[in-house]
């Protein structure tokens, strides 16, 4: 522990405010008197990692699973997100590049087979149920494979490469059936004709032409020219007589497949990435699709799904509840993939943010929402009854809300720039963003709904942190890079403006709080104090009623990242980029303790166990559990690979969540009690076994005692037993050792090597080694690191052998001397 002796700045209101703060402790004396058990061990309960990082994604025919490309592997994810994703292939990490990463893949129409294209030039055929490789073969593409597709009957696989060719493969024989040439550049789209008898495949390269081949004769039979930029999607009509194509030239074209003529060209005024022809009779958003017409659903840079009636060139449905943000710049990506499942009447959208959204076509409501990749996790909060919901802020203008029991995701849209901070109480959720605003959200529990009820717009720069009052919930506070601290009044009821705009939060107080960016703000448990932390290396205490300065805390040598009030004591906590955590007294503003242990900036700290322990997270990727009384680090958790920005703890403190720059959300649970019970049970078992060992020794049952002594791992007891066996010349030692388990034999070997270091114990040691080496030669004993064990015992064995050799020499000399003396002794007699 290190004391700080910096002279604090203290106002005349300190004593009054401190006493008011302490009232909150006196209100709940029962909590103070309850004996609190300290936490000692946390373990990982669940790790939620990225399962889709961009590239190929496939919706299985049964609509129950998505197969996603994830850093060179395939992740199989259930739509309801109830099962942990299954990974196929070798993971590629930053440290080393796997030689056999997957570039693209395809799923058969039955869903029973998966084919993957690898960096090594191999194609691998996987069993869709067992997830094992059935077959593999070498492709002859010059360069990487960009597209893989199964034919309607799954009897042919088409592969498109960067060498402008399409090759056809028989998956049962792994032979190339032919090569289709004529396309230019990288093959972007491959589509088989839906009729299995037609033997036609359609493909698109980097040019603007759509080409069709007869893959049996390997001749190009059709060419469709009409696009002016790259074609991104092709889909056949239900009657197979028409073809719909979409491209980045912002047009949809309806083609007559036989005549190769453009029947209708529709300007859509947005870059399109995917198009799907919908069947007649389907109801989309309450509108029934009529027979005899071609309907195409498309998605692109606007982030909306639109359904066009192609012959009439009109939009019959336009999505109004999209959670996909519009592309930031013209020609950018918003929607990257669009899928339709005919058996279930559902449509799936994949966004450029790697979110997967499943709609029910009839109502077009969201059925499932999956987040494939969270990027950097900036903040986490638990809210709702029994902490049922987890809100997560990432590098996105939308934040995510998870149901912690199922981890089903819900995207919450509202901000126009990255959300940086979140806070919640029993009624509201508050968020802040780089768009210089804060938003207040109202939520309901069952069913879960969340909606924005008010917005605050008084800041002139990025709002870095927000906090809600603890008791009344009638005000909130925010800090920004404009160096201002603001408090906002929260009314009991909100009324929507006449023009439909959200009501504005009224800013009640403003103070120019710090000289540099303010990183954190928090409100005391009794709502009478506000604390702020800044990059100017100071933390400040404010009176919440008028934002007058109560005190300034100086002592950190780098910027302060966060500040927290103790839940029960008059203590303030600060953590900073100088790798330290400091505890300050609210009575006299002095530093009580400094905790050191992190090797990098301490980014977040939370109180635990009624303010008796701390949980800290650092830029070194470590999460540490501290005891305040002893200033010791009780446990270090090192599952994160990068900075840990966020921590949130459940109300009963049995579980906490951590998230950071490695995109991992980790759920930890307290196993202190179970570990204590496990140790207690183990101790009881040990005591019982020790008593049994004592009984066996007293009853002279040496060979039975040997097994028990090895089980307890007692070298001295085992030595005494072996010595007693040698002394009494008891038979059966070799048979007893032979019947031991491999672990017990290895334990006996370690004991024998330890005995062998002392010349007094060389006989039992050599006896045990002799028996064990015979067991090894007979193949009944497999020992790990045998060479290491032998090297440790050989020098001592050689020394014992040399000593015994010298002893035998001396003995023979004495015996020789006695024999020589015998005739002389007889004469003397």
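Quick reminder: no glycine exception, Cβ is built from N, Cα and C everywhere.
If you look up TrEMBL, you'll see 690-821 marked as domain 'U3 small nucleolar RNA-associated protein 13 C-terminal'. Among the features that TrEMBL reports, repeat 'WD' is placed at 138-170, 180-223, 224-265, 412-451, 511-552, 553-594, 595-636, 637-668.
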Check your understanding: Mind checking which residues reach the repeat 'WD' (224-265)? Cβ under 8 Å, same chain, six or more beyond either end.
Key -> 188-189, 191, 193-195, 202, 204, 206, 208-212, 271-277, 279-280, 294, 296, 298, 300, 308, 310-311, 313, 331, 338
Exercise for review: Calculate the per-residue pLDDT averaged over the repeat 'WD' (180-223) and state the result as an integer.
Suggested key: 91
Check your understanding: How many of the residues that make up the repeat 'WD' (412-451) does DSSP mark as helix, as strand and as coil?
Key -> 0 helix, 23 strand, 17 coil
**Study point:** Long-range environment of the repeat 'WD' (180-223) - Cβ separation under 8 angstroms, sequence gap at least 6
**Key:** 146-153, 156, 158, 160-162, 164-168, 229-236, 240, 243, 245, 247, 249, 255, 257, 260
Review point. Taking DSSP states H, G and I as helix and E and B as strand, how many residues of the repeat 'WD' (637-668) are helix, strand and coil?
Key: 0 helix, 17 strand, 15 coil
Revision key, fill the gap. Across the domain 'U3 small nucleolar RNA-associated protein 13 C-terminal' (690-821), DSSP labelling yields 110 helix, 0 strand, 22 coil
Check your understanding: Within the repeat 'WD' (180-223), how many residues are helix, strand or coil going by DSSP?
Key -> 3 helix, 20 strand, 21 coil
